[in-house]
C-alpha cells in the first residue's frame, strides 16, 4: 500500500546472548527483591561494639556523671555533664542505626527508616530538656519514687498552677519524649531484624565477640525498658521477633549471627526484668507509685528511695 511504512523485524538474538533491554523483556527489570538472594552479612562487631559502648556511656552514664561531677563545674542553671552526654547520644545513635540499616543484606523500606530516625531525634531531644530539669531537681530534694504532686518540694509551690507546669514537664519527659524516642528505636531494630535470615544452617552461629557483647547489651536493654517504662513496647517487639523466627523457619530460613545477637539480647533482657520485678515485688512504697497489673519499678526511683543516704552525703 502506497505511503505505508514497512517495519523491519528485530534481528534474532544469537544463541547464549543476553536479551535486549525493554518492556518486552521483564527479566532485565526484574521485580525480585534483594532479600530473595539471601545474602548473609558477617557479624558487625564494630557497629555492635560502638552501639553498646555509647549506650552505656552516653545514656546510662549521663545521670551518674551529673551526680558525681562537682556542682561548681556545672551550675544548676546551666546544662549539666549529663545533658552534653544526651546531646552526643542524640547524634551518634541515629548515625549508628542508619549504618546498621545500610549493612542489611535485605532491601528495607527506606521511607519508614527515615521517618523513624526523624521521629527518634525529635523524641530524644524533647526528653533531653525534660530529663535535664527532672534529674537536677534531685539536688533540691525531689524524690523520683513519688508522683509530682506528692513531692514535698512541689506540693508547697504557690501559685498552685506551677504544679501543673511541673506535671506538663513530667509528661514531656516520661510519656511524649519516651514514646517518640523508643517506638522508632525498636521499630528500626525490628526492621533490621527482618533481614537477618539465611538458608545456610552453618551461618546460624554467634562468634566469640558476639557472645562477649550479648551480656552488656542485654543489661542495657534491661535499663532501657525499666527506666523508660516501655515494657509493653519491648514485649510486643519481642513477640514479633519470635513470630517472625517461627514463620521463617517454616520456609527453611534461620537467623544469622547478627539476628541471633539481637534475639538472644532480648531473651536475656526478659530474664533480667523478671529478676528485677521479683526482687522488688514486696516493696510497698514502689508498689504505690507503680500500681496496676504491670509492676516494673524504675532504677532511679529505687535509687532515690533506698540509696538516698548516699546521695545526701554527696
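Along the chain as shown, residues are numbered 1 onward.
For all residues, glycine too, the Cβ spot is worked out from N, Cα and C.
Feature annotation from TrEMBL assigns region 'Disordered' to 1-26. The transmembrane segment feature in TrEMBL is assigned to 47-69, 84-101, 113-130, 181-201, 208-224, 230-247, 259-281.
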_Residue numbers, six or more beyond the limits of the transmembrane segment (181-201), whose CB comes under 8 Å of its CB atoms_ = 35, 38, 40-41, 93, 97, 100-101, 104-106, 108-109, 112-113, 115-117, 119-120, 123-124, 126-127, 224, 228, 230, 233-234, 237, 240-241, 244, 248, 252-256, 258-260, 262-263
*For the transmembrane segment (208-224), what are the same-chain contacts with Cβ under 8 Å, counting residues 6+ beyond its ends?*
43, 45, 48-49, 52, 55-56, 59-60, 182, 230, 234, 257, 260-261, 264-266, 268-269, 272-273, 276, 299
*What else in the chain is close to the transmembrane segment (84-101), if you only count residues 6 or more beyond its ends and a Cβ gap under 8 Å?*
44, 47, 50-51, 54-55, 57-59, 61-62, 65, 108, 113, 117, 120-121, 124-125, 127-128, 131-132, 185, 188, 191-192
